[in-house]
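Student: As listed in Swiss-Prot for this protein:
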{"type": "ACT_SITE", "residues": "D80", "note": "active site, proton acceptor"}
{"type": "BINDING", "residues": "D80, G81, N154, D155, R182, D184, T195, A196, Y197, S198, L199, S200, A219, Q253", "note": "NAD(+) binding site"}
Amino acid sequence: MKSKFRHVALIGKYQTVASGASGASSRRVLEDIAHFLGAQGCEVVFEHDTAHNMGISGYPVLDVDAIGAKCDLGLVVGGDGTMLGIGRQLAKFGVPLIGINQGRLGFITDIPLDGYASALAPMLRGEFEEDHRSLMHARVMRDGRCVYDALAMNDVVVNRAATSGMVELRVEVDGHFVANQRADGLIIATPTGSTAYSLSAGGPLLHPSIPGWVLVPIAPHTLSNRPIVLANITEIAIEIISGRDASASFDTQSLASLLRGDRIVVTRSEHNVRFLHPRGWSYFDTLRQKLHWNEGVA
């Protein structure tokens with residue numbers, strides 16, 4: 001049966017051909033998937049950095065903006081980090097994404113590499129589940145002007161430096177003072193990011209359908225300082241009151257150095273990331289498998 005998606009972009013891990021057997025193996029995987037897509041009636045293109053770094057030739061190559069303008073589907077082969085990076089870039093175009101897991105956990109790249117064809121074939125015919133993930137838009141404000149801005153699908157994290165003491169942070173929500181917090185840092189996580197750093201810091205899991213964020217302190221000085229769930233229509237502002245060499249990271253993929261008095265202002269982005277999953281996909285199945293729930297239970 002002809003594919004529902006005519007133009008499909010392949011995006012892979014950014015390994016270089018100099019990385020030896022691992023790079024060669026990854027290149028073969030991508031080429032095999034491209035051949036499979038072609039057999040399903042898809043016109044395959046490669047994302048520019050993927051093709052360049054993996055040494056792939058013989059297919060059209062497009063940058064991210066061109067993929068957003070011309071492609072019906074993005075197929076991401078890698079781990080969650082690969083998906084986070086391309087998801088932020090393609091969100092404004094509304095291109096749906098399917099993830100094939102070539103990484104470790106794979107919360108958002110949920111199709112196993114082994115046997116991908118049996119999962120992909122019905123999805124290409126239109127048999128899939130779709131869910132949308134919110135993005136955060138973060139700005140670093142210094143003396144009233146924006147000096148850095150970024151999108152985040154997982155989290156925005158304000159951290160102390162590795163060799164310095166705690167930071168003191170002033171937290172406001174929609175202009176209302178919440179508290180001054182002394183801690184190693186503070187995490188603002190989306191439902192997607194609630195299974196990442198936020199979870200390891202004691203934050204709750206948020207179902208992707210919940211229009212919320214979670215604010216999680218990292219090793220707070222006061223034990224009563226607990227995580228709090230907020231509506232994602234709020235504006236969260238974090239001001240650096242004291243502490244040396246603090247920084248803000250966005251999905252752990254970009255970083256901004258912070259000075260005393262800087263404010264990190266976080267709002268919801270107008271764009272969502274569209275994920276496609278195999279028919280019958282369940283968020284709870286993913287949690288159970290990835291977090292090893294029920295293991296050893298008869």
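Note that Cβ sites are derived from N, Cα and C of the backbone, with glycine treated the same way.
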Student: Three states by DSSP: which one describes R182 (NAD(+) binding site)?
Tutor: strand
Student: So which one is it: of the binding-site residues N154, T195, which has the fewest other Cβ atoms within 10 Å?
Tutor: T195
Student: For the binding-site residues L199, A219, which Cβ has the most other Cβ atoms within 10 Å, all shown protein chains included?
Tutor: L199
Student: Using DSSP, would you call Y197 (NAD(+) binding site) helix, strand or coil?
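Tutor: DSSP call for Y197 (NAD(+) binding site): helix.
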Student: If you measure R182 (NAD(+) binding site) to D80 (active site, proton acceptor) at Cα, how many Å is it?
Tutor: 31
Student: Using only the residues recorded as binding NAD(+) (D80, G81, N154, D155, R182, D184, T195, A196, Y197, S198, L199, S200, A219, Q253), report the maximum Cα-Cα distance in Å, whole number please.
Tutor: 31
Student: At the Cα level, what's the spacing in Å between the residue listed as 'active site, proton acceptor' and T195 (NAD(+) binding site), rounded?
Tutor: 11
Student: Test of understanding: give the count of other CB atoms lying within 10 angstroms of the CB of the residue listed as 'active site, proton acceptor'.
Tutor: 25
Student: Where does D80 (active site, proton acceptor) sit by DSSP, helix, strand or coil?
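Tutor: The residue in question, D80 (active site, proton acceptor), is helix (DSSP, three-state).
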Student: Counting across all protein chains shown, how many other Cβ atoms sit within 10 Å of the Cβ of Y197 (NAD(+) binding site)?
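Tutor: Summing over all protein chains shown, Y197 (NAD(+) binding site) has 20 other Cβ atoms within 10 Å.
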